[in-house]
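The structure appears right after this line, and notes come after that.
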Amino acid sequence: MKSLITPIAAGLLLAFSQYSLAADTGGYTKTDGGDVSGAVKKTASSMQDIVNIIEAAKVDANGKKVKGGAYPLVITYTGNEDSLINAAAANICGQWSKDARGVEIKDFTKGLTIIGANGSSANFGIWIVNSSDIVVRNMRIGYLPGGAQDGDMFRIDNSPNVWLDHNELFAANHECDGTKDGDTTFESAIDIKKGATYVTISYNYIHGVKKVGLSGFSSSDTAERNITYHHNIYSDVNARLPLQRGGNVHAYNNLYTGITSSGLNVRQNGKALIENNWFENAVSPVTSRYDGSNFGTWVLKGNNITKPADFATYNITWTPDTKEYRNADTWTSTGTYPTVPYSYSPVSAQCVKDKLANYAGVGKNLATLASSACK
């Protein structure tokens, strides 16, 4: 009798079986990345070094290629590309048509951690494809070239168990002439799509980004993906926090400030649990728009906004869409959310406002915000 379990499904079952054994990420992901027994530790001073180290980890001592990787891997990145970042910042509208730069982690399931050394910086993306158990921490990534070639800062495709933690991602929330919607600037900060699931995005500082990120590639990419966004700071961003198509998104203890178009856009029957966040100076921070149907639903709890009367206090405004849409302009829950399968201890929304900047982003020694710091 033929097996009814596909390779992808088998990978997800493996992820479930390891759920209680790996590191606690505060979200759906449970992984130690490459930081496990038998790991090989390397230092990379450039993008190409990272590429070479990963490729070398795909073959054994005899030079034979090993499916999924020959050994778990921890890479410390020490490079500094501030000169490229500064040049791009001085020529924002010239970046779109350049060649995209990035490290592709493809078909690697043995476990991989990339951690940026303090003071390092990158003008390249990290693209995770058909891989699992990937951790990226303390990377400062900005002003990437190659928007026309899908030059995302992070792209996660068909990859379960990925954790992006304590990174800084930045560009310019700016429109350049050249297309119908003036979209010739930069690509996304974090796109999660095409079968990617059990992903945790935590303690990142994301600023000056027009298109922050996707959860789902298209209206047909509505897999039952599970993603947690917690303790992130979003500042001066346009939209897609995320743009969610189907699946489940748990967003807690995030700081959203300076949203210029729309925030969490829950589409294609997606479900979102939005709790203990701080919203301010934001346009349509929770919405379901662009499709005209199949509206997503949300549960709102513990946020600094509790009722419509709070909108003026925190400078929250709402805009319509050309198609039928739903805004959270009554600030009420519109659905239910599945039981969260992991333990977490959110701090108050006020503590997020007061303290999160001391913890999110790079150079913070990967510290986390506990309730004891809120006093």
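FYI, residue positions are counted from 1 along the chain as it appears here.
Even glycines carry a Cβ here, placed using N, Cα and C.
Taken from Swiss-Prot, the feature signal peptide covers 1-22. Residues or ranges marked as disulfide bond by Swiss-Prot: C93-C176, C351-C374. Residues or ranges marked as Ca(2+) binding site in Swiss-Prot (evidence: similarity to another entry): D150, D152, E187, D191. According to Swiss-Prot, the feature active site maps to R240.
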In this structure, the one of the binding-site residues D150, D152, D191 whose CB has the fewest other CB atoms within 10 Å is D150
Rounded inter-Cα distance in Å - C93 (disulfide bond), E187 (Ca(2+) binding site) | 12
Using a 10 angstroms cut-off on Cβ to Cβ distances, just flag whichever of C176, C374 is the loneliest among these disulfide-bonded residues.
-> C374
Of the recorded positions listed as D150, E187, D191, R240, the one whose CA lies nearest the CA of C176 (disulfide bond) = E187
Once DSSP output is merged into helix, strand and coil, C176 (disulfide bond) belongs to strand
Near C351 (disulfide bond), which residues of its chain come within a Cβ-Cβ distance under 8 Å, counting only those 6 or more away in sequence?
-> L369, S371, A373, C374
Packing count at E187 (Ca(2+) binding site) (other Cβ atoms within 10 Å of its Cβ) = 25
